[in-house]
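What follows is a set of notes on a single structure, which appears directly below.
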Amino acid sequence: MNTQQLAKLRSIVPEMRRVRHIHFVGIGGAGMGGIAEVLANEGYQISGSDLAPNPVTQQLMNLGVTIYFNHRPENVRDASVVVVSSAISADNPEIVAAHEARIPVIRRAEMLAELMRFRHGIAIAGTHGKTTTTAMVSSIYAEAGLDPTFVNGGLVKAAGVHARLGHGRYLIAEADESDASFLHLQPMVAIVTNIEADHMDTYQGDFENLKQTFINFLHNLPFYGRAVMCVDDPVIRELLPRVGRQTTTYGFSEDADVRVEDYQQIGPQGHFTLLRQDKEPIRVTLNAPGRHNALNAAAAVAVATEEGIDDEAILRALESFQGTGRRFDFLGEFPLAPVNGKSGTAMLVDDYGHHPTEVDATIKAARAGWPDKNLVMLFQPHRFTRTRDLYDDFANVLTQVDTLLMLEVYPAGEAPIPGADSRSLCRTIRGRGKIDPILVPDPAQVAEMLAPVLTGNDLILVQGAGNIGKIARSLAEIKLKPQTPEEEQHD
């Protein structure tokens, strides 16, 4: 980036010229790392801390960011401001040291809000589909030559990064409702994909509180802003009269302003028509499977159409869409002869979905695209509270696969809850009489326990939000083949 470009970018956020050094506590999180990446490319001195390296920290270190793999008071020395993720507790040594040194400590969303303040902000919120929709909007704007800045919660595969600094006036960002921090954002356009009960500890277990928080988020739009909302979602339909801003609705519903019609899935692609008010219909080929992704695309098209982006750019972007990391992510197709001696192959797909609605959408996409495949799921429940609160929903959804292997619950810092564990969930599913789940007590046993259930015409879904993504990549690296003791020792 040359000096003239950097000066232009720094002028976008004039008040932040007083800030020299920004330190991120929990920098390895996708949301934190994305903001750090944008700020590093804007020319700020960035440092951060986390407990272990990962692809996010490696990408940042490649940009010259200093990262400490520990949490120590001295890490915040000389910082102008400390940015903290919601996963970091108030007694973290770096947070304590920052307060003692009178260094401002702000949440991730507050920094994102500063980046958005002097740009045309487009924020994507909702219980499900945020990451993919953010990537779709970003892809369309990039294809149209608008060079947007984007900050996403997942890897945008076409760009190879979670975030990118553009030279245009647009900032496209995933908005996180999990800790209600999206209330800091003041975008020009907001998408709400759906609203379901999740992260209810943030909302005191009160769904009305969650709904009102989404309304408050939309009221951060200026009176001339626009809310783009999925009218198929019953909660959104209920809330529409309370939005108080210009709205565009989308969905399969007949009264949607942007309506999906004639949906058909062929393998990994969706084909459908979009009907828009006062515009010609367009026939879309979307390089992403599932009716849920058609809805995500409809949201992106609604925003792009409002901005005046031409249909050709929209259609090119959706047909060439490369997806996001861990969202129906194809990791390969592997011959089974070395795995269990059988002929044929098994496809391996990695997916982040960890709420029953998301898991259901992934299963439906797999069934629609590959109806003849033996559907095998390796599932890792995420959080004891979510497993408890959505226990019956999980039990119902998980019976839809042909074979289910289940890892222990990924705690995400939570204490175990009696009856909300994987063994109990397996027992409940088994009692329904449709499938016989297999509990995998040790992640090291996954390949060994997976091999015998593969038939030679399989689609393996590795599903969950904990550390199961690493397990998926490991399975791809070993091509599903269980390792002998000698091979493990060599590794």
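From the backbone N, Cα and C atoms, a Cβ is placed for every residue, glycine too.
Since the structure is predicted, the reported quantities are computational estimates derived from the model, not experimental observations.
Annotation comment: Swiss-Prot describes GLY126, THR127, HIS128, GLY129, LYS130, THR131, THR132 as ATP binding site, evidence class sequence analysis. Around THR127 (ATP binding site), the same-chain residues six or more apart in sequence whose CB sits under 8 Å from its CB are GLU177, THR193, ASN194, ILE195, GLU196, ASP198, HIS355, THR357, listed in sequence order. Mapped onto three states, the DSSP output places THR127 (ATP binding site) in coil.
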Around the recorded ATP site, report the further residues of that chain (criterion: Cβ within 8 Å of the mean position of the Cβ atoms of GLY126, THR127, HIS128, GLY129, LYS130, THR131, THR132; site residues excluded), sequence-ordered.
ILE124, THR133, THR193, ASN194, ASN296
Around the C-beta of THR132 (ATP binding site), how many further C-beta atoms are within 10 angstroms, looking at every protein chain?
30
Three states by DSSP: which one describes THR132 (ATP binding site)?
helix
I need the most crowded of these binding-site residues: HIS128, LYS130. Count other C-beta atoms within 10 angstroms of each C-beta and give me the top one.
LYS130
For GLY129 (ATP binding site), just count the other CB atoms lying within 10 A of its CB, please.
24
